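Per TrEMBL, these features apply:
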type	residues	note
ACT_SITE	102	active site, proton donor
BINDING	66, 90, 344	substrate binding site
BINDING	185, 216	NAD(+) binding site
SITE	142	site 'Important for catalysis'
């Protein structure tokens, strides 16, 4: 089941638990707007190249739409649609005043020079500038994009609308980016994990963790979990996987990964098959890479007692059912990885106010939002007698449905 089908399924299950009528359900599911644009740029060798860009704006009942822009060869409408919808539910679970959106350009950024990427970003912005905005739709970085991409979008957008730092988040600090944003998703994963383990009478300290993915989210999660006394026994990335039953030295691994562009070859652990990373013995499994990695083929072999979904849609519905029957507790992505969008919201607030926060304030506010979010999800679990995934989805769908009805949009 692809990400869109799985997201729609979870939405419909939540809708049924809430008793929403069919008209309201349909209006919540249909995207507000789907944008597809052609972006033609001159390449460095003088030839012309054409790329297709997308922006799916899913829902704006609770506020401006929010979501990343990814540059990847496999960007396609169904995936972008699913991710836009997930952003609607994620911002609602986090209880920040946003709706959901997502965008992307079908390209391989590794095959484009910096100047070509800049031209592509500026052309894409020219095509969508009148459809995004501080109070309309606020993009952010995603796979294949970063602070520099946001800086180009901000500059190009400002040519049409005047200086507007709040039009994007995840910007460089020098252009109004927020302190703490780089670590935000990983730090949110830590706070979410702390809340989950506390519910079960445990703490991060002494628990054994396996982390699949050692990019921005996975590496920050590993560092922060390790600082709290968690034992990270195995990690993987696209270069390989390593394991040390006594716990990996995370500061040394981070240094090795930066210098060698991956974890492969790290001497503080044994190389293992990357395919086995999800079934390694541990207390807490943190998938922080791609979607759909936990499926019916490997669900029965997973040894973790807890799964914290740092990636988007890492567990497919069939695996969900298998793991539930086995008593594995899954903290769903729409809550567990919401730290990034929460600090993006803080960045937007700072830009609008023209008053920047110090990093301690950002981190303290994030802890408050994540802790409160977990309590809200648990309350919905009790109300509807459901697991954490359905607790998060019913919480999100209920908040968006209430806003939709209050605005008179349900017809």
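Positions of Cβ are set from backbone N, Cα and C atoms, glycine also.
Counted over every protein chain shown, other Cβ atoms within 10 Å are most numerous around 185 among the binding-site residues 185, 216. Excluding the listed site residues 66, 90, 344, the same chain places 67, 87, 91, 94, 96, 98, 100, 140, 338, 340, 341, 342, 345 with Cβ atoms within 8 Å of the centre of the substrate site Cβ atoms.
Here the Cβ of the residue listed as 'active site, proton donor' has 30 other Cβ atoms within 10 Å, regardless of which shown protein chain they belong to. Comment: substrate site residues 66, 90, 344; largest CA to CA distance 13 Å, whole number.
Listed in sequence order, the recorded positions from 90, 142, 185, 216, 344 having a Cα within 10 Å of the Cα of residue 102 (active site, proton donor) are 142. Within the same chain, the residues at least 6 positions away from residue 344 (substrate binding site) whose Cβ sits under 8 Å from its Cβ are 66, 138, 140, 169, 170, 178, 181, 184, listed in sequence order. Nearest Cα neighbour of residue 90 (substrate binding site) among the listed recorded positions (142, 185, 216): 185. Cα of residue 216 (NAD(+) binding site) to Cα of residue 142 (site 'Important for catalysis'): a span of 11 Å. For the pair residue 142 (site 'Important for catalysis') and residue 185 (NAD(+) binding site), the C-alpha distance works out to 12 angstrom. Residue 66 (substrate binding site) has a Cβ environment of 28 other Cβ atoms inside 10 Å. For the recorded positions shown (90, 142), fewest C-beta neighbours within 10 angstroms: 142.
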